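Student: There's a structure below that I have some questions on.
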Amino acid sequence: MKIRSQVGMVLNLDKCIGCHTCSITCKNVWTSREGMEYAWFNNVETKPGIGYPKEWENQDKWKGGWVRNGDGTINPRIGGKFRVLANIFANPDLPTIDDYYEPFDFDYQNLHTAPISDHQPVARPRSLISGQRMEKIEWGPNWEEILGTEFAKRRKDKNFDKVQADIYGQYENTFMMYLPRLCEHCLNPTCAASCPSGAIYKREEDGIVLIDQEKCRGWRMCISGCPYKKIYFNWKSGKSEKCIFCFPRIEAGMPTVCAETCVGRIRYLGVLLYDADRIHEVASTVNEQDLYAKQLEIFLDPFDPKVIEQALNDGVPMSVIEAAQKSPVYKMAVDWKLALPLHPEYRTLPMVWYVPPLSPIQNAASAGHVSMDGVLPDVDSLRIPLRYLANLLTAGDEEPVKLALKRMLAMRAYKRAEQVDGVQDLEVLESVGLSVAQVEDMYRYLAIANYEDRYVIPTAHREEAMSDAFAERSGCGFSFGSGCSGASDTNMFGAKKANRRDIIKTVQLWED
């Protein structure tokens with residue numbers, strides 16, 4: 001057993017209001033620069049829909065994640081070393097800019113400088129890549145916002161598998177939910193295995209997956225390998241980039257920018273201890289629907305004296321172990337089994353988990369449109385199809401989703417009876433296997449959690465990784481490759497770029 005620590009995240013979809021504050025703040029901090037205009041390390045999608053980039057969940061098309069072989073081993077779906085090298089100059093599984101969207105801005109200056117005319121001046125869109133005027137905007141990162149496109153396109157959502165999707169195309173049966181997405185910082189990342197340059201690595205101290213900008217040569221195999229399509233190619237620097245989980249903030253004991261600015265307070269950050277020796281065994285599980293339960297087994301009890309002793313021997317600081325004991329992520333994912341992983345069938349063992357949404361279910365139950373199963377509403381007959389949520393979060397296994405939904409309904413029913421009627425409805429708790437103490441804890445974390453309850457992040461022990469901190473005092477801090485310049489002046493082979501031409505953006509203020 002080799003114990004490692006991982007900073008994980010849980011997002012409560014029951015409270016997400018789809019405001020995109022997380023996306024905007026992340027964009028302003030990390031990708032508001034040339035070459036990354038189209039990239040959103042964090043984006044919020046409306047489900048059902050094909051998402052951003054288009055159909056990112058269709059692995060038959062994009063070849064992301066791992067595939068299990070007959071002998072029990074796993075290989076990246078894009079192929080082994082020989083196939084990767086054979087396609088290194090022409091990757092057939094690479095999304096194009098049209099699969100994301102062509103980034104654009106508007107000629108706002110025209111509103112101020114346009115001459116007097118019979119017509120009102122207009123700020124027209126202009127491409128941020130070519131600088132040319134765009135006659136029509138075809139797509140965007142949140143194009144399907146609040147079911148904004150026709151159902152014929154949203155029908156391609158892979159989560160409609162084994163669901164009578166055409167029924168939900170009718171207005172009276174439609175449903176929607178928000179899905180914030182970011183890099184999963186997986187325990188078994190396919191992007192790292194797909195990179196020919198070995199530029200992608202997973203940090204031992206906190207599990208954050210990063211790209212070494214000095215080693216990256218822009219082969220872009222990592223983009224195909226990632227099943228969540230959360231790695232982006234910077235066309236300006238010639239490097240691949242991804243969500244860094246705001247590691248400079250994590251090292252200081254602060255939450256990520258997306259979590260810090262979340263309006264709905266849906267995000268939780270905490271430490272999990274896991275057995276690194278079992279990663280291959282768990283990822284190679286035969287039945288895809290067993291992957292969720294197997295991943296739960298890899299997480300270790302931070303209160304177990306044997307686990308604590310082994311963790312200390314493996315170099316895990318005591319402050320990290322204490323943080324794991326207070327971790328809201330451990331409580332919601334392991335103790336209460338409310339949080340579920342996003343598409344565990346990809347076999348990457350993702351570490352950003354989601355609490356399934358309940359709000360539309362509770363509204364329907366209160367209105368009397370839902371049949372009752374004992375003391376709780378029957379979750380099989382609710383507005384959001386249980387099968388759809390299972391395809392999204394548990395590889396099609398409906399039982400874990402059903403348990404999570406029933407436990408949240410039970411918590412609401414119990415607290416309502418306690419606060420409105422002044423009674424303790426223990427029957428509703430017994431039906432879902434919860435104690436009074438567990439429900440009170442759930443209520444505190446899900447409804448009224450304080451800042452320090454939602455974010456339990458130990459500060460990094462950089463003194464163990466840096467022999468001479470004084471020598472680093474003049475460093476440039478976080479950069480995007482090529483020292484402190486922020487852009488690379490070399491080609492993919494390390495030589496100086498030749499015949500480099502920068503795009504000159506010409507702005508036409510008005511037409512004659």
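Cβ coordinates are placed from backbone N, Cα and C, and glycine is handled just like the others.
Automatic prediction, not curation, is the source of TrEMBL annotations.
Quick caveat, the model's predicted, so the values are computed rather than measured.
Straight from TrEMBL, here's the annotation block:
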type   : residues : note
DOMAIN : 7-35     : domain '4Fe-4S ferredoxin-type'
DOMAIN : 174-205  : domain '4Fe-4S ferredoxin-type'
DOMAIN : 207-236  : domain '4Fe-4S ferredoxin-type'
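Tell me about the surroundings of these features in the structure.
Tutor: Residues 41-44, 46, 141-142, 145-146, 177-180, 182, 185, 206-208, 232, 234-237, 241, 243-246, 250, 256-272, 327-329, 332-333, 339, 351-359, 408, 446, 457, 480, 486-487 of the same chain lie 6+ residues outside the domain '4Fe-4S ferredoxin-type' (7-35) yet bring a C-beta within less than 8 angstroms of a C-beta in it.
Within the chain carrying the domain '4Fe-4S ferredoxin-type' (174-205), a Cβ under 8 angstroms from the stretch's Cβ atoms is held by residues 4-9, 11, 13, 16-18, 22-23, 26, 41-48, 51, 64-66, 76-78, 84-85, 88, 146-147, 168, 211-213, 215-217, 219, 221-222, 224-228, 230-231, 240, 242-243, 245, 247, 258, 266, 274, 276, 279-280, 283, 295, 298, 342, 346-352, 354, 357, 360, 383-385, 392, 460-461, 465, all 6 or more beyond its ends.
When Cβ-Cβ distances below 8 Å are used as the criterion, the domain '4Fe-4S ferredoxin-type' (207-236) is approached by residues 4-8, 31, 33-36, 38-39, 41, 53, 56, 59, 62-65, 76-78, 84, 88, 91, 93-95, 129, 181-187, 189-201, 242-245, 247, 250, 342-343, 346, 348, 350-351, 479-482, 487-488, 492-494 of the same chain, each at least six residues removed from its ends.
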Student: Could you give the number of helix, strand and coil residues in the domain '4Fe-4S ferredoxin-type' (174-205) as assigned by DSSP?
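Tutor: Secondary-structure breakdown of the domain '4Fe-4S ferredoxin-type' (174-205): 5 helix, 8 strand, 19 coil.
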Student: Summarise the domain '4Fe-4S ferredoxin-type' (7-35) by DSSP state, stating how many residues are helix, strand and coil.
Tutor: 10 helix, 6 strand, 13 coil
